[in-house]
Amino acid sequence: MSVRYPLLNRELGILGFNERVLAQAADPQVPLLERLRFICITSSNLDEFFEVRMAGLQEQIRDNPGAMTPDGMSLQHAYDLVVERAQRLVHRQYTMLHETVLPALEQEGIYFHNSDSWSDAQLEWARRYFLDELLPVLTPIGLDPAHPFPRVLNKSLNFVVELEGRDAFGRQAVMGIVQAPRALPRVVQMPQALSGFEHGFVLLSSFMQRFVGELFPQLVVKSCNQFRITRNSELFVDEDEITNLRVALQGELPARHLGNAVRLEVSADTPQHIVRRLLEESGLGEKDCYRVIGSVNLVRLMQIPDLVDRPDLKFTPFTASIPPAIANATTMFDAIDEGDILLHHPYESFQPVLELLQQAARDPSVVAIKQTIYRTGTDSPLMDALMEAARNGKEVTVVVELLARFDEETNINWASQLEAVGAHVVYGVVGHKCHAKMMLIVRRVMQGGKATLRRYVHLGTGNYHPRTARLYTDFGLMTADQKICEDVHHVFQQLTGIGGELALHELWQSPFTLHPRIIESIRTEIDNARAGKRARIVAKMNALLEPSVIAALYEASQAGVKVDLIVRGVCALKPGVPGLSENITVRSIVGRFLEHHRIYYFHADGAEHVYLSSADWMDRNLFRRVEVAFPIRERKLKRRVIAEGLSVCLGDNQSAWQMQSDGHYRRRRAGKTVRNAQLGLLAKFCS
């Protein structure tokens, strides 16, 4: 089916974002160890891309080969384009690592020792390490009729070994497989006295290639090659059939490691007959094979910056600030009573959010706490505070999203711990992931000489995750505004109970009012532009894909509305097309921190409506998730959001990329004055 207006391909857009991430590794202004980290981040992103998006594309081709993508391409054509671009990206990534980053690291005394250049002393150390630390954990599998090719785990490091000779039972040995357990280190530090470098490292693959013969005694090792298989990692839970989501999910999680293969990675020097065998065993074609120079898993190199104590090769450390309104208050409740508080992470600390919950857990006046959890990590002081509150007799209700991708197991564990201390745990609404970020605290206070209940709320654009709060840009609002607090109470009521849709005063909520309000706000700007009034839309988000929103934005451009979009990742809208979108610009900011806040600005004939949200403008966020968008009404806070969240990004000429009408991005070039959104905010807020 052809589309009525132009859209860009989602998968190609995701790869485009990863190209921008990889460009950070080529930027000489980025510290060297951080450049290595960006290469690793690209690998991690590609892993998820193959596990989810490519797996889905392959499934669609199998199930409905004649179907078309939303942008009007046949599935097979789209797949071919995506594979070609992914191959180019991987090649560029490894070329950058081996020709630029590793040589630069060597100049700084950080070196990876290859097994074919070990000295006698290094060889002896490596042999001892292999025999003592690796060999006892490894299990060789010889391939014969009694030992078929094993179904190796998703993203595990494996070695295929060509053998010659007969084993103890007289069987002719041809091939063996060794899977490296995840518990084994992928990078081992060589003693400095042996290395000759300040920081010398040996990859696990180097140990294996040199000593794998120890696993196959009295056989000749003809070759040893590493490989890695990526599998479909989407979980299937039939939401119409299940009676207990947590139990169903626990039964499904182990299968994630053994889903259908979607990608094979091999070292570039792997013999072709070995590659063919691996492809056959995996059910993959030649296009699905990625030949790389060196290690097949660069994600594990992410630990190198942490192992190397070289502050001069890393981003400058910073201390996030605490707003004076909080620093000067006796308690968080006193601070919020004085007025709404806006927090801009990571420039302002996430600690006040933790302190609000910790104080609530210990405050005898607090009677109830309600909290949503999407991602929070395996070691979370926020979850500790919720459990403390439950142990202290508070009415604690936690909406835990069990289907947060790749955090399912962590969230199941937290749900069990919360229930064990008496908290009420619910899993939201089946069929609608709860992605909204909400905290509601109910406290008994004295007012006019009598006790009354007062609500306090925290709403955010990002997760309740202390670690990512230092890595992602997000806004959070603390308020005791009666209407907002009542709205949050109603949303929790919907999530935990059963009943009809409740009217909200201030919040826009998906899957009910968020999409209609966005469309309505765009149409107001269209009407104002047609009436000769000033009209403007500025929106910042991670992704823009929803067709009816894109259609409305195209119509806005045609009506003369100036539209500036700041979309970090994939954007299906084509900007700058004459007669369609010449009044629309699309920028992407890629820098030290992951741009994560969602901000919607509508000029509204001078009223300037500003909303913060956890929702991207995507089908899933607007129709298949529980999300909220909340207004920033207080004038000073509104100016802050506009200035810190939007204006600095629109003015950035160092870390910003501008989308062209063909979907490709060009880096904005600095003029006489360099403007970097993130560095400017660091300088403003942090010490």
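Any Cβ shown, glycine's included, is placed from N, Cα and C.
Among the candidates R20, R568, R620, R624, the residue that Swiss-Prot names alongside N45, Y472, H596 for the ATP site is R568. Among N45, Y472, R568, H596, the residues given in the record as binding ATP, the maximal Cα to Cα distance rounds to 15 Å. One way to see the shell of the ATP site is to take the Cβ centroid of N45, Y472, R568, H596; the remaining same-chain residues with a Cβ within 8 Å of it are N542, G569, L594, E595. In this structure, the CA atom of H596 (ATP binding site) is 14 Å away from the CA atom of H435 (active site, phosphohistidine intermediate). Checking each of the recorded positions R375, R405, H435 against N45 (ATP binding site) by C-alpha distance, the shortest gap belongs to R405.
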